[in-house]
Amino acid sequence: SPHCVPRCHKVQESLLSSASGYSNYRGVLNWCVVMLVLSNARLFLENLIKYGILVDPIQVLSLFLKDPYSWPSLCLVIVSNVFVLVALALERRLAAGSLSEGAGAALHTLNLLLVLCFPAGVVLAVSSITPGEGGQEPGSPGAGGTPADPPRSSPAVGAVFALGIYTIIFLKLFSFRDVNRWCRERRGQKTPPPGTADAASKANGDVGTSGVTYPANLTYRNLYYFVFAPTLCYELNFPRSPRRTGCLFQLFFMQLLVGLIQQWMVPTIQNSMKPFRDMDYSRIIERLLKLAVPNHFIWLIFFYWFFHSCLNVVAEVMQFGDREFYRDWWNSESVTYFWQNWNIPVHKWCLRHFYKPMIKRGVSKCTAQTAVFLASAFFHEYLVSVPLKMFRLWAFMGMAAQIPLAWFVSKFLRGNYGNAAVWLSLIIGQPIAVLMYVHDYYVLNYEGA
């Protein structure tokens, strides 16, 4: 009989074949992690052997402690309260009916424009917005270059911080103005049309009827809670949660970021200047790829430090209930999905106060999305070019380039290929902008000195 011997074969596919249905690649993932750790450990050891230990926390602290009574950036942050109080005063006048809607809109617009223009003007006018004098330039000893030139003002770290605060205040006051205007429009409707309940929920939050109503929300306490809350979208009543013990690793992650920048990124950037001057394209690409790894690693640490750790601690201190500061952007299969999910506070603001109002005015979705990207490009350039006091538009063009990239990825790439394209744009795109700005800053401030 042909079946007298036990059979050991049957029809089946190899595990790595797509027809096998096998999906447990946990061991392969662990192998990738081990290889990643080993390869980066080699790079880190090579860095230590070549440059020695460059991490100097005292240098960072001395930047802010050398002359604490002449911090233009700190003064700028304090002055920002003036614009917050002006917005509150305007809303109180509008609520009382002593100021017309047209005049109120004009004054609000002027106040918002000043929020962006005033700090930019101060940064451009003040010779050194960051206290103290900077370290060595790209050609100084320790960087493997020529003898050091006379000390110059350090890059405007304080200016970046101050302008970041003013940008946040601009977005918050824009939302504050819109929500109070919506409340006045509903108050003026004696018979609210269908759907008003949804609009009320949008303005007041899901807190029921026991919360504050308009215009009782126009108080210092209510507005300053919003100013410090980890959100950009105003509501009369925010969802609240009980206070819990928070993650207190902010200082550790901040020092880790500074240490990695000093030890890993700065030497690579300094050594990239000569290939740029000589237009040695092969060396430029080599430096770009060498910078991509530490830059991306630092960006990931920054994401966790700011969006998860810092914002959650602020939310816990203020008992702020909405803790969705990010979604699963790492699974993005399109560029659009990434930008919609990696920074939820900004995405909510753009959707609520920019994208949807344009759609209601009859603007097409494609045009509205393009406008959102261009607005984001403007703020990226604002936060880079003004502190550096040079206008090269690299950040603007980088963000604007996301528009055709988003179209290309959504049109021709799907699934894992789309996800790989998103990761590639993040890993390679950022170092290109860093090198371009550093090169231009070096040429503008040091070359020929």
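Any Cβ shown, glycine's included, is placed from N, Cα and C.
Please treat TrEMBL annotations as automatic predictions, because they have not gone through curation.
Within its own chain, the transmembrane segment (28-49) is flanked in space by residues 263-264, 267, 293, 297, which lie at least six positions past its ends and keep a Cβ under 8 Å from the stretch. As annotated by TrEMBL, transmembrane segment applies to 28-49 (among others).
The feature transmembrane segment is assigned by TrEMBL to 69-90 (among others). Panel annotation: around the transmembrane segment (69-90), residues 99, 104, 107-108, 111, 114-115, 118-119, 122-123, 126, 129-131, 158-159, 161-162, 165-166, 169, 173, 176-177, 218, 220, 223-224, 227 of the same chain, lying at least six beyond its termini, place a Cβ under 8 Å from a Cβ of the stretch.
Tertiary neighbourhood of the transmembrane segment (110-130): same-chain residues 63, 72-73, 76, 79-80, 83, 86-87, 90, 153-159, 162-163, 166-167, 169-170, 173-174, 177, 382, 386-387, 389, selected by CB-CB distance under 8 Å and a gap of 6+ residues from either end. If you look up TrEMBL, you'll see 110-130 (among others) marked as transmembrane segment.
The transmembrane segment feature in TrEMBL is assigned to 156-176 (among others). A Cβ distance under 8 Å defines the sequence-distant neighbours of the transmembrane segment (156-176), meaning residues of its chain 6+ beyond its ends; these are 63-64, 71-74, 76-77, 80, 83-84, 87, 91, 111-112, 115-116, 118-120, 123, 128-131, 223, 226-227, 232-234, 346, 349, 352-353, 379, 382-383, 386-389.
According to TrEMBL, the feature region 'Disordered' maps to 185-204.
Feature annotation from TrEMBL assigns transmembrane segment to 247-266 (among others).
Summarising the annotation, TrEMBL assigns transmembrane segment to 297-315 (among others).
The transmembrane segment annotation in TrEMBL covers 362-379 (among others).
Taken from TrEMBL, the feature active site covers HIS380. Using a 10 Å radius centred on the Cβ of HIS380 (active site) and all shown protein chains, the other Cβ atoms total 18.
The annotation transmembrane segment is assigned in TrEMBL to 391-409 (among others).
Cβ atoms under 8 Å from those of the transmembrane segment (421-439) belong to residues 138, 269, 272-273, 276, 284, 287-288, 291-292, 295-296, 299, 332-335, 337-338, 384, 388, 392, 394-395, 398, 401-402, 405, 409, 413 of the same chain, restricted to positions at least 6 beyond its ends. Annotated transmembrane segment per TrEMBL: 421-439 (among others), in sequence order.
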